[in-house]
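Features as listed in Swiss-Prot:
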- 1-73: region 'RNA-binding and homodimerization' (REGION)
- 180-215: region 'CPSF4-binding' (REGION)
- 205-230: region 'Disordered' (REGION)
- 223-230: region 'PABPN1-binding' (REGION)
- 34-38: motif 'Nuclear localization signal' (MOTIF)
- 137-146: motif 'Nuclear export signal' (MOTIF)
Amino acid sequence: MDSNTVSSFQVDCFLWHVRKRIADQELGDAPFLDRLRRDQKSLRGRGSTLGLDIETATRAGKQIVERILEEESDEALKMTIASVPASRYLTDMTLEEMSREWFMLMPKQKVAGSLCIRMDQAIMDKNIILKANFSVIFDRLETLILLRAFTEEGAIVGEISPLPSLPGHTDEDVKNAIGVLIGGLEWNDNTVRVSETLQRFAWRSSNEDGRPSLPPKQKRKMARTIESEV
(Lines of atoms letter the chains of each structure in order from A and count residues from 1; the text may use other names and numbers.)
(Lines give C-alpha, C1' and ligand atoms only; values in the text may rest on other atoms or scores of the structure.)
Protein backbone atom coordinates (compact mmCIF):
# COMPACT_ATOMS: atom_id res chain seq x y z
CA MET A 1 0.00 0.00 0.00
CA ASP A 2 1.30 3.45 -0.92
CA SER A 3 2.56 5.34 2.15
CA ASN A 4 1.08 8.61 0.90
CA THR A 5 -2.35 6.98 0.72
CA VAL A 6 -2.04 5.87 4.33
CA SER A 7 -0.76 9.20 5.66
CA SER A 8 -3.45 11.10 3.74
CA PHE A 9 -6.12 8.92 5.33
CA GLN A 10 -4.59 9.37 8.79
CA VAL A 11 -4.53 13.16 8.49
CA ASP A 12 -8.10 13.23 7.14
CA CYS A 13 -9.24 11.15 10.12
CA PHE A 14 -7.62 13.52 12.62
CA LEU A 15 -8.95 16.65 10.90
CA TRP A 16 -12.43 15.12 10.91
CA HIS A 17 -12.02 14.54 14.66
CA VAL A 18 -11.13 18.23 15.14
CA ARG A 19 -14.15 19.32 13.10
CA LYS A 20 -16.37 16.98 15.14
CA ARG A 21 -15.18 18.63 18.35
CA ILE A 22 -16.07 22.02 16.84
CA ALA A 23 -19.54 20.71 15.95
CA ASP A 24 -19.98 19.31 19.48
CA GLN A 25 -19.40 22.83 20.81
CA GLU A 26 -22.14 24.11 18.45
CA LEU A 27 -19.70 26.27 16.49
CA GLY A 28 -20.48 24.86 13.03
CA ASP A 29 -23.03 26.22 10.55
CA ALA A 30 -25.30 24.07 8.34
CA PRO A 31 -22.79 23.56 5.47
CA PHE A 32 -20.11 22.67 8.02
CA LEU A 33 -22.33 20.05 9.67
CA ASP A 34 -23.41 18.70 6.30
CA ARG A 35 -19.82 18.19 5.14
CA LEU A 36 -18.99 16.60 8.49
CA ARG A 37 -21.73 13.99 8.06
CA ARG A 38 -20.76 13.26 4.45
CA ASP A 39 -17.06 13.03 5.24
CA GLN A 40 -17.74 10.57 8.05
CA LYS A 41 -19.31 8.16 5.55
CA SER A 42 -16.40 8.72 3.17
CA LEU A 43 -13.81 7.96 5.87
CA ARG A 44 -15.61 4.77 6.86
CA GLY A 45 -15.60 3.64 3.24
CA ARG A 46 -11.94 4.49 2.77
CA GLY A 47 -11.00 2.77 6.02
CA SER A 48 -12.80 -0.38 4.91
CA THR A 49 -11.13 -0.28 1.49
CA LEU A 50 -7.66 0.28 2.96
CA GLY A 51 -8.16 -2.13 5.85
CA LEU A 52 -7.23 0.57 8.39
CA ASP A 53 -8.74 1.23 11.81
CA ILE A 54 -10.10 4.78 12.04
CA GLU A 55 -9.23 5.28 15.72
CA THR A 56 -5.63 4.19 15.17
CA ALA A 57 -5.41 6.30 12.02
CA THR A 58 -6.71 9.34 13.92
CA ARG A 59 -3.91 9.07 16.49
CA ALA A 60 -1.31 8.74 13.73
CA GLY A 61 -2.82 11.70 11.91
CA LYS A 62 -2.56 13.79 15.08
CA GLN A 63 1.18 13.07 15.26
CA ILE A 64 1.66 14.09 11.63
CA VAL A 65 -0.24 17.36 12.09
CA GLU A 66 1.59 18.18 15.35
CA ARG A 67 4.96 17.63 13.66
CA ILE A 68 4.02 19.94 10.79
CA LEU A 69 2.75 22.65 13.15
CA GLU A 70 5.98 22.54 15.14
CA GLU A 71 7.96 23.18 11.96
CA GLU A 72 5.58 25.81 10.55
CA SER A 73 6.28 29.49 11.13
CA ASP A 74 3.46 32.04 11.32
CA GLU A 75 4.78 33.79 8.21
CA ALA A 76 4.83 30.57 6.18
CA LEU A 77 1.28 29.85 7.31
CA LYS A 78 0.11 33.27 6.14
CA MET A 79 1.73 32.76 2.74
CA THR A 80 0.16 29.31 2.34
CA ILE A 81 -3.32 30.58 3.16
CA ALA A 82 -2.93 33.50 0.75
CA SER A 83 -1.84 31.23 -2.11
CA VAL A 84 -4.69 28.71 -1.82
CA PRO A 85 -7.82 29.62 -3.84
CA ALA A 86 -10.95 29.64 -1.73
CA SER A 87 -13.89 27.45 -2.69
CA ARG A 88 -17.52 28.42 -2.15
CA TYR A 89 -20.26 26.17 -0.82
CA LEU A 90 -23.57 26.57 -2.67
CA THR A 91 -26.87 25.20 -1.41
CA ASP A 92 -30.11 24.56 -3.28
CA MET A 93 -31.40 22.28 -0.54
CA THR A 94 -32.06 22.80 3.13
CA LEU A 95 -30.50 20.46 5.69
CA GLU A 96 -33.91 18.79 6.05
CA GLU A 97 -34.15 18.15 2.30
CA MET A 98 -30.66 16.67 2.28
CA SER A 99 -31.12 14.38 5.27
CA ARG A 100 -34.70 13.25 4.53
CA GLU A 101 -35.17 9.52 3.94
CA TRP A 102 -36.97 8.52 0.74
CA PHE A 103 -38.25 5.31 -0.80
CA MET A 104 -38.66 4.02 -4.36
CA LEU A 105 -41.54 1.91 -5.70
CA MET A 106 -39.52 0.85 -8.77
CA PRO A 107 -35.90 1.41 -7.78
CA LYS A 108 -33.16 1.76 -10.36
CA GLN A 109 -29.53 2.34 -9.51
CA LYS A 110 -26.35 2.82 -11.51
CA VAL A 111 -22.77 3.54 -10.55
CA ALA A 112 -21.00 5.95 -12.88
CA GLY A 113 -17.37 6.33 -11.83
CA SER A 114 -17.40 7.50 -8.22
CA LEU A 115 -21.04 8.64 -8.35
CA CYS A 116 -24.18 6.64 -7.55
CA ILE A 117 -27.35 7.46 -9.51
CA ARG A 118 -30.71 6.38 -8.08
CA MET A 119 -34.22 7.01 -9.34
CA ASP A 120 -37.79 5.79 -8.96
CA GLN A 121 -39.03 4.59 -12.34
CA ALA A 122 -42.62 4.49 -11.07
CA ILE A 123 -42.77 8.29 -11.35
CA MET A 124 -44.60 9.44 -14.50
CA ASP A 125 -45.97 12.71 -15.93
CA LYS A 126 -44.52 14.90 -13.18
CA ASN A 127 -42.78 18.27 -13.18
CA ILE A 128 -39.40 17.67 -11.57
CA ILE A 129 -36.61 20.01 -10.50
CA LEU A 130 -33.03 19.00 -9.76
CA LYS A 131 -31.39 20.65 -6.74
CA ALA A 132 -27.88 20.18 -5.42
CA ASN A 133 -25.44 21.24 -2.73
CA PHE A 134 -21.84 21.47 -3.90
CA SER A 135 -18.64 23.47 -3.69
CA VAL A 136 -17.34 25.72 -6.48
CA ILE A 137 -13.84 26.92 -7.29
CA PHE A 138 -12.79 29.10 -10.23
CA ASP A 139 -16.50 29.27 -11.19
CA ARG A 140 -16.62 25.51 -11.78
CA LEU A 141 -18.12 22.73 -9.71
CA GLU A 142 -15.45 21.33 -7.41
CA THR A 143 -17.19 18.69 -5.28
CA LEU A 144 -20.76 17.43 -5.40
CA ILE A 145 -22.16 16.85 -1.92
CA LEU A 146 -25.61 15.65 -2.97
CA LEU A 147 -28.07 16.15 -5.84
CA ARG A 148 -31.75 15.26 -5.56
CA ALA A 149 -34.77 15.34 -7.87
CA PHE A 150 -37.97 16.78 -6.40
CA THR A 151 -41.55 16.80 -7.68
CA GLU A 152 -43.68 19.94 -7.34
CA GLU A 153 -45.19 18.35 -4.23
CA GLY A 154 -41.73 18.05 -2.67
CA ALA A 155 -41.34 14.29 -3.01
CA ILE A 156 -37.82 12.99 -3.70
CA VAL A 157 -37.73 10.80 -6.82
CA GLY A 158 -34.05 10.67 -7.75
CA GLU A 159 -30.57 11.24 -6.39
CA ILE A 160 -26.90 11.50 -7.32
CA SER A 161 -24.40 11.04 -4.51
CA PRO A 162 -20.65 10.37 -4.25
CA LEU A 163 -19.64 6.85 -3.26
CA PRO A 164 -17.87 6.94 0.13
CA SER A 165 -15.43 4.23 -0.95
CA LEU A 166 -14.45 6.03 -4.18
CA PRO A 167 -13.71 9.68 -3.37
CA GLY A 168 -12.98 12.14 -6.13
CA HIS A 169 -14.93 13.26 -9.20
CA THR A 170 -14.78 16.01 -11.82
CA ASP A 171 -17.40 18.49 -12.95
CA GLU A 172 -17.65 16.46 -16.18
CA ASP A 173 -18.43 13.31 -14.15
CA VAL A 174 -21.24 15.20 -12.43
CA LYS A 175 -22.60 16.53 -15.72
CA ASN A 176 -22.65 13.04 -17.23
CA ALA A 177 -24.43 11.66 -14.16
CA ILE A 178 -27.02 14.46 -14.37
CA GLY A 179 -27.59 13.52 -18.00
CA VAL A 180 -28.22 9.90 -17.05
CA LEU A 181 -30.70 10.90 -14.33
CA ILE A 182 -32.52 13.32 -16.62
CA GLY A 183 -32.72 10.75 -19.39
CA GLY A 184 -34.19 8.16 -17.03
CA LEU A 185 -36.79 10.56 -15.65
CA GLU A 186 -37.79 11.94 -19.06
CA TRP A 187 -38.21 8.41 -20.41
CA ASN A 188 -41.39 8.23 -18.30
CA ASP A 189 -42.72 11.53 -19.71
CA ASN A 190 -41.64 13.61 -16.74
CA THR A 191 -40.63 17.23 -17.37
CA VAL A 192 -37.24 17.92 -15.81
CA ARG A 193 -35.53 21.23 -15.17
CA VAL A 194 -32.43 22.11 -13.18
CA SER A 195 -31.99 24.82 -10.57
CA GLU A 196 -30.37 28.12 -11.53
CA THR A 197 -27.30 27.24 -9.47
CA LEU A 198 -26.83 23.94 -11.29
CA GLN A 199 -27.37 25.63 -14.65
CA ARG A 200 -24.58 28.05 -13.93
CA PHE A 201 -21.94 25.71 -12.57
CA ALA A 202 -22.71 22.11 -13.54
CA TRP A 203 -25.24 21.84 -16.34
CA ARG A 204 -24.59 24.54 -18.92
CA SER A 205 -26.51 23.04 -21.84
CA SER A 206 -29.95 24.25 -20.73
CA ASN A 207 -32.44 26.50 -22.45
CA GLU A 208 -33.94 29.65 -20.96
CA ASP A 209 -36.49 27.97 -18.71
CA GLY A 210 -33.91 25.66 -17.17
CA ARG A 211 -34.93 22.55 -19.09
CA PRO A 212 -32.02 20.49 -20.41
CA SER A 213 -31.44 20.54 -24.15
CA LEU A 214 -31.12 16.82 -24.92
CA PRO A 215 -31.93 15.42 -28.37
CA PRO A 216 -34.38 12.45 -28.38
CA LYS A 217 -31.69 9.90 -29.31
CA GLN A 218 -29.50 11.00 -26.41
CA LYS A 219 -32.47 10.85 -24.03
CA ARG A 220 -33.17 7.24 -25.04
CA LYS A 221 -29.49 6.32 -24.73
CA MET A 222 -29.23 7.85 -21.26
CA ALA A 223 -32.46 6.19 -20.15
CA ARG A 224 -31.12 2.79 -21.21
CA THR A 225 -27.89 3.27 -19.26
CA ILE A 226 -29.74 3.43 -15.97
CA GLU A 227 -31.22 -0.01 -16.61
CA SER A 228 -27.97 -1.47 -15.28
CA GLU A 229 -28.70 -2.19 -11.61
CA VAL A 230 -26.08 -2.64 -8.93
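Cβ atoms here come from the backbone N, Cα and C positions, even for glycine.
Counting residues 6+ beyond its ends, the motif 'Nuclear export signal' (137-146) has Cβ neighbours under 8 Å at 34-35, 38, 85-88, 93, 98, 115, 159-162, 169, 171, 174, 201-202 in the same chain. Across the region 'RNA-binding and homodimerization' (1-73), mean pLDDT in this model comes to 88.
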